[in-house]
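Taken from Swiss-Prot, the feature active site, charge relay system covers K162, E463. Sequence annotations record features per position, and here Swiss-Prot assigns active site, nucleophile to C285 based on sequence analysis. The K(+) 1 binding site annotation in Swiss-Prot covers T26, D93, V180 and rests on sequence analysis. Among the features that Swiss-Prot reports, NAD(+) binding site is placed at G150, A151, W152, K176, P177, S178, E179, G229, V230, E231, T232, G253, C285, E386, with the record citing sequence analysis. Under the heading K(+) 2 binding site, Swiss-Prot lists L245, K456, G459, citing sequence analysis as support. The feature site 'Seems to be a necessary countercharge to the potassium cations' is assigned by Swiss-Prot to E247.
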Amino acid sequence: MSVYGLQRLYIAGAHADATSGKTFDTFDPATGELLARVQQASADDVDRAVASAREGQREWAAMTAMQRSRILRRAVELLRERNDALAELEMRDTGKPIAETRAVDIVTGADVIEYYAGLATAIEGLQVPLRPESFVYTRREPLGVCAGIGAWNYPIQIACWKSAPALAAGNAMIFKPSEVTPLSALKLAEIYTEAGVPAGVFNVVQGDGSVGALLSAHPGIAKVSFTGGVETGKKVMSLAGASSLKEVTMELGGKSPLIVFDDADLDRAADIAVTANFFSAGQVCTNGTRVFVQQAVKDAFVERVLARVARIRAGKPSDPDTNFGPLASAAQLDKVLGYIDSGKAEGAKLLAGGARLVNDHFASGQYVAPTVFGDCRDDMRIVREEIFGPVMSILSFETEDEAIARANATDYGLAAGVVTENLSRAHRAIHRLEAGICWINTWGESPAEMPVGGYKQSGVGRENGITTLEHYTRIKSVQVELGRYQPVF
């Protein structure tokens, strides 16, 4: 028997049975316990979700921006009231420590909805004078029905990040969470309905990549926002373009560089590096997994990093003292262990970790020890490829130009950071780094006000910040003639 029982779809403001006859299971990654059996959507279910979204979107868009704003603010209140219960659900589904899910996942999701609720009334057009008797004005209008496809590392946060700007702009959204962590999106749907969002404006369809493909190719959907891996993102983008030239937002993978210069506060640098590699057991797309350290301070830096890694408290996610949990799935566990084996085989020096944790309460979970490799080279797989697990690669460099060139020598461009006390060098280096999200003397915070997205193959478009509303609206230009029309014939 499962903990949460049978989970269905959420369509037209209510839970709904799927018609596929298929289900999949979701497990607690810390214990292996069956959490729920989840119904998988069929093509007919996706059609049903699109039809209800169209109907709901017309009602939603007809409301005033202030009305939409008030409803979204009510959803924020409900999320915050239920923070602890939602955090426990997220802990069970993702394996994250309860201290993390209580402080981060629902909190940051609610913050983003609150942010866009405030911006809903600020969506406006322009007036452009042409001549005394003629002018142009523009309207920003909603796209219609949008699709959101989420990743398994931040399920409810991603659902909030994608739905908030969409709904604030007057759109509807059909959201597909990852089949690895499918539970919390259904709770968000219930909250939206309770807050007053019309039926159909936020639907949830469950399933694997085949359901994501149905959404990406559906002619009734105007936009797809996807978070996940690069190769899957390319497939989504191809389907979206080939079917109906949908607009897309892609937040994809990364292999982000963290550059520690020789004048850095090394205690600060070590704190940043450990956070940038081991928060959420390393399952964060922006993690700074390529740590470039100037040669003169490398040994002192490594010493500080290893001291901090030794203090990491791996344990049961429900223990409030735990700050390091399991990986989200057995498949991810196998992938990470494969990369660790590759690092060893290619000659990287194992400084910490490097194995699965199997003693005592770790035995039934998908735990990997926080792993640090030194003496890494740019051509190693652990340096070139996204691992999405708790594996830090330390590389040394001599000059600023060398560090920048090597940091940019990747197809990724999601995030980057520098640690230095030299203000001029900090900004100079950041301006040369090819990444969409950058940090100076810090790492990892992505507040609602900050546009998030990548360069190169790390993404298209942005999430969060004011500019994201541009990706959920379209511009209509209207010319008005006050004078006499001048005929051509």
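Cβ atoms here come from the backbone N, Cα and C positions, even for glycine.
Quick caveat, the model's predicted, so the values are computed rather than measured.
A map of Swiss-Prot features onto the structure.
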residue: D93; record: K(+) 1 binding site; Cβ contacts under 8 Å, 6 or more apart: T26, D28, L35, P155, T181, P182, L183, S184
residue: G150; record: NAD(+) binding site; Cβ contacts under 8 Å, 6 or more apart: I158, A159, K162, F175, K176, P177, S178, A185, T227
residue: W152; record: NAD(+) binding site; Cβ contacts under 8 Å, 6 or more apart: T94, P177, S178, V180, T181, A328, S329
residue: E179; record: NAD(+) binding site; Cβ contacts under 8 Å, 6 or more apart: F24, T26, V38, Q206, G207, D208
residue: V230; record: NAD(+) binding site; Cβ contacts under 8 Å, 6 or more apart: L252, G253, E386, D411, Y412, Q457, S458
residue: L245; record: K(+) 2 binding site; Cβ contacts under 8 Å, 6 or more apart: none
residue: E247; record: site 'Seems to be a necessary countercharge to the potassium cations'; Cβ contacts under 8 Å, 6 or more apart: L143, A222, K223, V224, A240, H471
What is the total of other Cβ atoms whose distance to the Cβ of K456 (K(+) 2 binding site) is within 10 Å? 17
Within 8 Å of the centroid of the Cβ atoms of T26, D93, V180, which other residues of that chain place their own Cβ, given that this set defines the recorded K(+) 1 site? F27, P29, L35, T94, W152, P155, S178, E179, T181, P182, L183, A328, S329
Run through the Cβ atoms and count how many others sit within 10 Å of the one on P177 (NAD(+) binding site). 27
Round to the nearest Å and give the CA-to-CA distance linking E463 (active site, charge relay system) with T232 (NAD(+) binding site). 18
Between G459 (K(+) 2 binding site) and C285 (active site, nucleophile), what is the CA-CA distance rounded to a whole number of Å? 11
Going by DSSP, is E247 (site 'Seems to be a necessary countercharge to the potassium cations') part of a helix, a strand, or coil? strand
Look up V180 (K(+) 1 binding site) in the DSSP assignment and report helix, strand or coil. coil
In three-state terms from DSSP, label K456 (K(+) 2 binding site) for me. helix
Which residue among the binding-site residues T26, T232 has the fewest other Cβ atoms within 10 Å of its Cβ, if you could check? T232
Taking DSSP as the reference, which of helix, strand or coil describes G150 (NAD(+) binding site)? coil
Around the Cβ of V180 (K(+) 1 binding site), other Cβ atoms found within 10 Å total 20
Quick note, the residue listed as 'active site, nucleophile': same-chain residues at least 6 apart with CB under 8 Å of its CB -> A151, N153, T227, E251, L252, G253, G254, F388, L414
Provide the three-state secondary structure of C285 (active site, nucleophile) computed with DSSP. coil
Here the active-site residues are K162, E463; which one has the lowest number of other Cβ atoms no more than 10 Å from its Cβ? E463
Cα-to-Cα gap, K456 (K(+) 2 binding site) vs T232 (NAD(+) binding site), nearest whole Å: 15
